[in-house]
Amino acid sequence: MRVLRACLSLCVLVVSDSKGSHELHQESGASNCGCLNGGKCVSYKYFSNIQRCSCPKKFQGEHCEIDTSQTCFEGNGHSYRGKANTNTGGRPCLPWNSATVLLNTYHAHRPDALQLGLGKHNYCRNPDNQRRPWCYVQVGLKQLVQECMVPNCSGGESHRPAYDGKNPFSTPEKVEFQCGQKALRPRFKIVGGKSTTIENQPWFAAIYRRHRGGSVTYVCGGSLISPCWVVSATHCFINYQQKEDYIVYLGRQTLHSSTHGEMKFEVEKLILHEDYSADSLAHHNDIALLKIRTDKGQCAQPSRSIQTICLPPVNGDAHFGASCEIVGFGKEDPSDYLYPEQLKMTVVKLVSHRECQQPHYYGSEVTTKMLCAADPQWKTDSCQGDSGGPLVCSTQGRLTLTGIVSWGRECAMKDKPGVYTRVSRFLTWIHTHVGGENGLAH
């Protein structure tokens with residue numbers, strides 16, 4: 001385990017009891033213990049090869065990483081190191097070092113476990129910047145990610161208060177879809193592909209494919225445009241067109257583990273654009289629709305982490321040079337073997353058609369049914385795995401689905417911006433298949 005160097009170089013601690021005294025010496029190589037919060041690395045006089053941390057008052061744990069004085073959490077609780085260890089229903093948390101938890105993304109054996117507060121205990125933590133501290137809880141044969149019974153230090157929130165219209169953890173009696181609305185303000189600045197929370201992109205849909213052996217793999221992103229409909233890219237499904245093969249998650253921000261409040265859907269209809277085509281690089285008419293239902297026949301239910309995105313007005317796209325958000329589980333480099341575990345977001349700027357059709361860009365490959373967008377510094381971009389996901393821009397004062405991640409050469413390559421399906425050119429197609437049902441909003 002990677003350790004933090006937080007010990008002094010030399011000191012002597014003498015501990016006495018009624019039977020005599022035992023000398024404990026701080027080692028000159030004290031950093032080997034990885035003591036935190038003022039803890040001192042000591043060894044027994046006659047067993048110098050046995051080292052441990054001697055913790056100051058209020059701190060416990062192998063590395064003095066547990067703060068017994070913390071009875072509430074600040075912010076989203078990422079720095080919480082207290083001893084709460086039950087979910088909001090009182091179920092005990094599983095130890096982070098238990099054999100079953102080790103199969104999950106966050107556990108005590110990660111190289112960065114100490115920095116994340118994970119260790120040989122079952123205390124609530126928030127290693128992935130979710131809404132509040134959480135833990136794994138055993139429910140039947142399943143391990144579930146559950147929010148914890150620990151209050152916010154602000155004092156305005158227990159684990160489930162009455163709804164006041166402002167508290168992000170409260171539960172209103174009735175929530176309605178309001179397209180383009182999210183709990184967090186738009187972040188129209190370059191963020192370098194940083195991890196984000198699903199509340200920042202609550203319309204994002206994660207699409208997976210089932211395999212014959214029972215395994216499930218991530219395929220593409222999508223966007224919720226009405227309670228029952230997700231829009232994505234046809235090229236994601238062109239090789240496997242059986243709707244029964246696909247699963248859609250809303251409200252999910254981690255690739256292989258559940259997120260509190262997420263919803264799982266089967267695909268009732270899979271509609272690929274009839275004029276889709278692809279050449280050596282470009283994808284044409286690259287748009288698809290998925291009608292979704294839960295196993296109980298329900299469409300999506302609105303929440304802080306599940307919301308629809310507005311469709312753009314006809315011929316009313318954001319102006320070239322505008323900043324837009326992209327989000328997904330895409331690889332940082334096309335040569336990467338694995339997709340990142342955490343949902344990521346970055347910001348790009350729309351590139352004019354005239355510029356994108358220059359020979360050193362893409363030339364005639366780019367049509368008027370496409371949009372180009374890029375980071376001006378060519379440092380961030382959509383990449384493999386982001387396909388089908390949203391390009392969200394502010395249009396006429398509201399957030400709209402301006403584009404769908406479609407194609408491009410490499411990722412963040414100079415003079416090779418990402419190319420997106422131009423949604424405003426497919427509004428008639430969308431309405432033809434969706435009809436007047438299900439609350440499509442512009």
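Each Cβ is built from the backbone N, Cα and C atoms, and glycine gets one as well.
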Cys372, Cys383, Cys393: which one closes the disulfide with Cys324 in Swiss-Prot?
Cys393
Where Swiss-Prot annotates a disulfide for Cys236, which of Cys179, Cys220 is the other cysteine?
Cys220
Going by the disulfide annotation in Swiss-Prot, which one of Cys35, Cys72 is bonded to Cys53?
Cys35
What range among 36-59, 276-299 does Swiss-Prot describe as region 'Binds urokinase plasminogen activator surface receptor'?
36-59
Of Cys124, Cys179, which cysteine does Swiss-Prot list as the disulfide partner of Cys148?
Cys124
In the structure shown, which of the disulfide-bonded residues Cys53, Cys55 has the fewest other Cβ atoms within 10 Å?
Cys55
Indicate whether Cys356 (disulfide bond) is helix, strand or coil by DSSP.
helix
Within 10 Å of His235 (active site, charge relay system), Cα to Cα, which of the recorded positions Cys33, Cys35, Cys93, Asn152, Cys228, Cys356 are there?
none
Residue with minimal Cβ packing [other Cβ atoms within 10 Å] among the disulfide-bonded residues Cys124, Cys148, Cys299:
Cys299
Drop a 10 Å sphere on every Cβ of the disulfide-bonded residues Cys41, Cys64, Cys72 and tell me which sphere holds the fewest other Cβ atoms.
Cys72
